[in-house]
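Asker: If you scroll down you'll find the structure; I have some questions about it.
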Amino acid sequence: MPIKKSDEIVLKDYQVKIQKGVLNRLVEFIGPLWQKRKIALITDDNVGPLYANAVKGQLVRMGHQVIILTIPAGEASKSWKQVQLLINSLAQNDFVRSDSVIALGGGVVGDLAGFIASIYMRGISIIQIPTSLLAQVDSSVGGKTAIDLKTGKNMVGSFYQPDLVLIDPDTIQTLPKRMLVEGYGEIIKCAALVGGTFWKIIEKVNQAEDIITHAEELIHASITFKAEVVIRDEKEENLRKLLNFGHTIGHALELIETGKLMHGEAVAIGIARITAAFEKKGMTKGDTTFKVKGRLACVGLPVDAKELGSDAFYSAILHDKKIKNDQITLVYIKEIGQPAFYTLKIAEIRNWLNPVLAF
Ligand SMILES: NC(=O)c1ccc[n+]([C@@H]2O[C@H](COP(=O)([O-])OP(=O)(O)OC[C@H]3O[C@@H](n4cnc5c(N)ncnc54)[C@H](O)[C@@H]3O)[C@@H](O)[C@H]2O)c1
């Protein structure tokens, strides 16, 4: 792992800087990287009022010309309509290839702004400043950009690496609690796969407020893991598949719950259920489910849903894109930090998942 200092991760050829207060020290990081230019600061209507003017002020003091482009908050903005509006704004403001984009917001802003940057004039540079916990630990790193189609999420996109990712853990203090906790679900998933010191940090979090206290080390551990997956994935395709832990069940629940569960909440239930099922089969060490459920539940993440095991749930699983030749490969953990794969016939999935342990 090409880690330099505790708060600095170098991923491929760009830096991910994680430090409290970094949002007020942009000149230190953007100054050496970008000469004077036009910058489109893309944000949404929740994040913009909180942080955009402070970011713009610093960029203007560096000599940049800045326009703020604000999109409506929410997944619906990952659309062709927003792509068109934003691209037209860049063109009307005479942006050329040497001009740039900064994404200031959650995963929606990051995915959309990344896509815009990748296609405007065949690609202009971008810096990601993720402000939600989910974006800080997941979507801002890895270079995946996307918008949605009516037929599905993230159907159109590109791989496009930013020049820099700046993560200020202080910004999560303004996140609504449900979104903070949802993002933390992604962190628990990674920690359960990695174990060791990462899991020890998780054990320090006993209520939602502790997520903010330990944000810096949690984000650092998550991104270190994600960076390793992204770097090694070029050779080991299986590694990235580990990130699907909890997702087969999570996606099926999201499909039938239609919007009631947030993605991270559905995955939390998925992680708890898959671990319980494998523990019941004797393939996961006793008490692992107790540990995993305990960590999820103490911050208020759901670990169960009445729809689990219903006919609707099992027909939703059949839509899983990962099914190949009537077989599905599930990610499970033998114990904390010991991930593994298990492939079974899709016809057997009901028998496999239904008999779980009682807790
Ligand atoms: N590119 C990838 O690799 C990748 C990975 C995972 C998820 N994603 C994408 O990320 C998106 C979800 O990300 P998200 O959960 O950040 O959603 P989001 O961008 O919708 O942000 C969630 C909400 O929090 C608000 N918000 C963000 N930061 C805030 C702050 N500091 N203070 C107050 N409010 C704030 C936003 O305005 C929004 O209302 C999805 O579209 C998903 O597909 C992409």
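Including glycine, each Cβ sits where the backbone N, Cα and C put it.
All annotation found in TrEMBL is predicted automatically rather than curated by experts.
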Asker: Can you tell which of Lys150, Lys153 TrEMBL lists as binding NAD(+) with Gly107, Val108, Val109, Gly110, Asp111, Thr131, Ser132, Lys144, Thr171, Ile172, Gln173, Thr174?
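Answerer: The record-listed residue among the candidates is Lys153.
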Asker: Return the residues near Asp111 (NAD(+) binding site) by Cβ distance under 8 Å, restricted to its own chain and a separation of at least 6 in sequence.
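Answerer: When sequence neighbours closer than 6 are ignored, Asp111 (NAD(+) binding site) has Lys78, Ser139, Lys144, Thr145, Ala146, Ile147, Asn154, Gly157 within Cβ distance under 8 Å.
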Asker: List, in residue order, those binding-site residues out of Glu186, His247, His263 with a Cβ under 6 Å from any atom belonging to ligand 1.
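Answerer: Qualifying residues: none.
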Asker: Name, in the order they occur in the sequence, the residues of the same chain whose CB lies under 8 A from the CB of Ser132 (NAD(+) binding site) and which sit 6 or more residues away.
Answerer: Gly105, Gly106, Gly107, Ile172, Leu175, Met179, Gly183
Asker: Determine the Cβ neighbour count for His247 (Zn(2+) binding site): the number of other Cβ atoms within 10 Å of its Cβ.
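Answerer: Its Cβ has 22 other Cβ atoms within 10 Å.
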